Amino acid sequence: PLLLLLAELGCNSEPTYPWKDAGTGERLTCQQCPPGTFVAQHCSRDSPTVCRRCPDLHYTQYWNYLEKCRYCNVICGEKQVEVQQCNATHNRVCQCQEGYYSNMELCIRHSECPPGSGAEKPGTPFEDTKCHKCPPGFFSSNSSTNPCQPHQNCEQQGKVTNVQGNQYHDTLCTSCRLGGGNTTQGPAVEDDDCEQAMIDFVVYQNMPVKKLKRLQQILERSPKKQQPWTRAAIQEKFRTFLTHKKEEHYEVTKELLEALRIVKLHSIEEKVRKRFLL
């Protein structure tokens, strides 16, 4: 009980500091000033310490016996924002703005996770983005700071799976009646949904990248020398191009089948004809 009482007294007592009275030479124990104030006059035998509030743009954060407050000397730099204003008890606090993190006293933009990967842990003002490979059932089709997204469920939408998703792209669904089932009526080539399904099916076939590029060159009428893009990037760009041509009412089906023959992708051409009853 005695130890507990002494501990409580120690916790409740205000901090002190030793002081020598310049006039009398007497050694005294003065009370410190609380945060937000400073010592305007040290104590004497007859009077306690006189504390005064810090002036504007000055502060003291702890109990102290300073004769003047500290100046708020923190200035927010480039790509920083003020998260705490200078006040009587705290210096100004800055941190990196949204989308940036602190590294070697500089604010660096958060790293983007490459296609096929997503943010396992989003970046903060103090740490960079932590990326990880998208697990089965999830994908990321572009570089971003977002987490991997789940593949859509075609059955829940009353559709069928046309292209199975992977870590780079979503599962692609269609309302088109695909060949090979029990239906007696096949897909209509002029049907917009079926033509889109055919585009998706061809673009995401597992063909050599060299042949994929050649197919793209023929249909886009682009030069042979292209940017060194990844398979996923080429597929995304090629799909966007073909979809745009379809919307402009070009004969995409006819041109795509012809290009498959030129590139000698006969097995894929056969799959397309069988699947879409062409």
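Placed from the backbone N, Cα and C atoms, the Cβ positions cover glycine too.
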Key: Member of C72, C76, C113 annotated by TrEMBL as disulfide partner of C94   = C76
Request  = Can you sort out which of C54, C86 is the disulfide partner TrEMBL gives for C69?
outcome  = C54
Assigned conformation of C113 (disulfide bond) - DSSP reduced to three states = strand
Remark   = Out of the disulfide-bonded residues C54, C76, C94, the residue with the smallest number of other Cβ atoms within 10 Å is C76
Query = DSSP says what for the repeat 'TNFR-Cys' (53-94): how many helix, strand, coil residues?
reply = 0 helix, 13 strand, 29 coil
Task = Identify, in sequence order, the residues in the chain of C69 (disulfide bond) that are 6 or more apart from it along the sequence and have a CB within less than 8 Å of its CB; answer 'none' if there are none.
result = T37, F38, C54, P55, H58, Y59, T60, A88
Key: C76 (disulfide bond) to C131 (disulfide bond) - Cα separation in whole Å   = 29
